[in-house]
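Peer 1: Pulled these features from Swiss-Prot for this protein:
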TRANSIT   1-39  transit peptide
BINDING   Arg302, Asp403, Asn436, Ile438, Gln664  thiamine diphosphate binding site
BINDING   Asp403, Asn436, Ile438  Mg(2+) binding site
Amino acid sequence: MFTLKQVINKSIQTSMKNGVMSSAVKRSFSTVGGINQPKSRKELSESFLDGTSSTYVEDMFANWVKDPKSVHPSWASFFESSERGVPAGEAFMSPPTLGSSVATKATPSTYTSSGSPKQVSDSMRLLLLVRAYQVRGHALANLDPLGLEVKEEPAEFNPAKYGFTEADMDRPIFVGEGFISGFLTNKQPETTLRQVLKRLKETYCGDIGIEYMHIQDREMCDWIRDKFETSQPVEIPDKEKIKILERLSWADQFEGFLGLKYRATRRFGLDGCESLIPGMKAMIDTATEDGVESIVLGMPHRGRLNVLANVVRKPLPAIFNEFNGGVISIEGEYSATGDVKYHLGTSYDRVTSSGKKVHLSLVANPSHLEAVNPLVEGKVRAKQHYSKDTEQKKSMAVQLHGDASVAGQGVVYETLHLSNLDNYSTGGTVHIVVNNQIGFTTNPKYSRSSKYCTDVAKTIDIPVFHVNGDNVEAVVKVCKIAAEWRQKFKRDVFVDIVCYRKHGHNETDQPKFTQPIMYDKIGKQQPIIEKYSNKLIAEKVITQEQYLQMKNIIHESYEKGYQDGMKHVPNAEDWLESRWEGFKSPIELGNPGRTGIDQDLLQKIGKVLYTEPSGFEVHSTIKRLLKEKKDMFDKGTGFDWATAEALAFGSLLLDGNHVRLSGQDVERGTFSHRHAVWHDQKTDQTYAPLTKLATALGKKDAAEFVASNSSLSEFAVLGFELGYSLENPDALILWEAQFGDFSNGAQVIIDQFISSGEQKWMRQSGLTMLLPHGYDGAGPEHSSCRIERYLQLCDSDPNKIPPKEEAERKQSQHCNMQVLNCSTPVNYFHALRRQVHRDFRKPLVIATPKYLLRYEKSFSTAKEFSNDSFTRLYPEAFPDQINKPEKINRIVFCTGQVYYNLIASRESNNIKDVAIIRVEQLHPFPFDLVAEQLQHYPNAKAIWCQEEPMNMGYWNYIYPYFISTFKHINRPADITYTGRPSSASPAVASHTLHKLQLENFLSNALTGQVGSK
């Protein structure tokens, strides 16, 4: 037996052979842009071949397959004819009222004596009308509480378009009995056009507008249809209505209370969209009942305080204390600058109305709208990883958006684009848009090119529920359905609450400067709480006295919270989650851990790295690399960068620390050096050696390794990994840029979160950024990670030199982040392990090499991996090949790969009076070690050499640090720059000019003379 599609396709093929193929087969109407009137009987039936348009007919076909007698004879005749290959447009005959200008002769084989072609025609025309509402009903929905837009009824809603007249409104139309869901669930074989139109308008053109017919998955469409297309409107129990009223009252009075107590304070209130609070709480209740134990929320400033108070349940005294200017003691707790109250985050355990517990986390965020989106997703993904929530049912993300920002900010799409990727999916996110129909002072027609602010949702095949924010029951309904959708399908969903903003952008703003008409209407608008309380009183759900009593109880709670807030003492512990207990704050001194590993462990890890699995056909080049890797472990020399990295990862995994590497092309590596994941050349199966460590070495407690190629996004993916790193300190989370040059695509994450997040929000992160950097003649777009920008973001004071005995520990914990440029694989190894083996966390930025990846003179020995710790500064590596320290005339300080250019040039020119020093850690600056080198060469002139232009790279950063160091050791402050001249572009495009520049500044650094011109 065939499916309906196969049956109809067979009849289409017959139509094509007979030359009667209608263009309507391809598409008789658009699922988004409206419906074109079918012009013939063929078009009428063929309309059902299009995706979700065949919903009802497919239901009947499925029943006909099981039992031909279960459907009306007219439909049985239609299916039977189609299965025999009768052309799709000839399987029934339309009545004269539809397409009468077209000849409509049916072949004798089309009908049986018991079948009525008119009944099939009636059914089809009715179902086309139903589908018109399914597709476009939202266009006529009553969504705007202000009624700013005058809507015209779409032409496809006119029954006359389908051949119906007023005389047909109450005429019985056959639809089937009991086997079709949706509107037709009343067990009646017939209905009337009037009845169906009534329910269509109630369902699709009421206070809820549903966009779902763009979704390609039939089951998903059916599920949504069944939720809304009930035969009768679903009544809400009185108990539920009272709960909604109470929650709405808490939201309303919160804004009123703040407005009364803090009249001149900006709070970015929720006035005009108070229904968000009962909607969110209903969504959380529904999700929790379905197994959700943890919810991470991300949201902008609008309504944030109300959500903190009434959804997350942050204690009221803490909120009011912040309004009163309360801050955490800097000396006693944490060196934090803090942030405005409507940016702050928090975490609390909440008990739902049914008694179930759910952990709620609101992620702190900056004013950069939507920038927090990927962090929320990353944090949820981490929760799912650590709780082994493989079904993604226990932890859920909820994102709140503004209408202007959700349409305008590109990171929204970048984050949505991660939603179905294997290593980034969180099993669906509930998105709620507080759509107050304005962006600061800009009207929607100037801030987006699409009809709805949520149209980005259609790119990933998810539903959008638009809802009138003044109908709090409708808001609650769609929020519940959104939670159910997420739990069932593990896909995102949007709830678009169309509302208004009672005040200006903030409470001190004058909105009538730019929106006089809108704010005239808002001024006359009856508050939501009044509308709903009056409704329930009129319905006798609650009395006026009971409602006043409810209001008084809520007001007393806010007043008590306000009074207690006067005495509230903030504590940094309120900001830290349990996994971070025991980690040191910036003003506490932690103990640096040993980063070296013993040689036996090194060899064991190595064997896993170079062993080819049986039955797995690796690429011939990788076979050669594996042989080379085995040789390096056998000989104890020649350890390259990829091997050093793998040893760091492997040893951390065996210590129980999760390692996650993410970014564009990271599995192989941009420069084909890493090969963390192998591909079978015959089956395309994959194999990641580091995932086999636990089994190979019998370590049951070894952690999981993940290397994952990401989407081609910097902003969202870096934000995702940052969010991931916030969840658990016992992990090494890395993001690698394809080239360091492209990292500025994530500049907002770097500026607003990574460099300043700890100081603003007391949230530590050990996120590591790997930024390929180096001047190899590849031109201006593939040379520089803009390292100067990271150094500019560093917060150390170049005029304050810490005591020598505590220099490294104090500097490391006081700084906001670390910036390195390692010159050896082994130091890179130690840097990675250091990230985890200490009791505090700091973001780490590493300018990683490119040509050094295969440069043997940079490689390390096996013994060096057993050294105790990371080396912040390398002294002269070949003291026996140059003069005695007092005879050294020039001491050249540098960092990164230019060191090897300097060494090669010094050797080829037989220069003996120059010492070359490598600064591996740029920030925190190693004052103590630089001072030792300057004192070791008392007669040498200090030079700073870099391959970057003078206005880029390290020079402007390191200069004041060197000056302070000179002063500290009582030596005349004198250091000279050598490198490329200042430039607007990071690098030249000409390889010839690149080499000439290199020769010139190397000569200048080593001799004081510019090379050949």
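Cβ coordinates are placed from backbone N, Cα and C, and glycine is handled just like the others.
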Peer 1: In the same chain, which residues outside the set Asp403, Asn436, Ile438 have their CB within 8 A of the centroid of the CB atoms that define the Mg(2+) site?
Peer 2: Gly402, Ala404, Val434, Asn435, Gln437, Gly439, Pro444, Cys499, Tyr500, Arg501
Peer 1: Among Arg302, Asp403, Asn436, Ile438, Gln664, the annotated thiamine diphosphate contacts, find the widest CA pair distance and round it to a whole Å.
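Peer 2: The widest Cα-Cα gap among those binding residues is 37 Å.
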Peer 1: List every residue in the same chain as Arg302 (thiamine diphosphate binding site), at least 6 positions away in sequence, whose Cβ is under 8 Å from its Cβ.
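Peer 2: Within the chain, Arg302 (thiamine diphosphate binding site) has Cβ neighbours under 8 Å at Phe268, Leu270, Gly402, Val434, Asn436, Arg501.
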Peer 1: Enumerate same-chain residues with a sequence separation of six or more from Gln664 (thiamine diphosphate binding site) and a Cβ-Cβ distance below 8 A; give 'none' if the list is empty.
Peer 2: Thr670, Asn709, Ser710, Leu712, Val717, Glu736, Ala737, Gln738
Peer 1: According to DSSP, which of helix, strand or coil covers Asp403 (thiamine diphosphate binding site)?
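Peer 2: For Asp403 (thiamine diphosphate binding site) - judged by DSSP and reduced to three states - the answer is helix.
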Peer 1: Compile a sequence-ordered list of residues in the same chain as Asp403 (thiamine diphosphate binding site), six or more apart from it, whose Cβ lies below 8 A from its Cβ; state 'none' when nothing qualifies.
Peer 2: Val433, Val434, Asn435, Asn436, Gln437, Ile438, Gly439, Pro444, Cys453, Asp496
Peer 1: Starting from the Cβ of Asn436 (thiamine diphosphate binding site), draw a 10 Å sphere and report how many other Cβ atoms land inside it.
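Peer 2: Other Cβ atoms within 10 Å of Asn436 (thiamine diphosphate binding site): 25.
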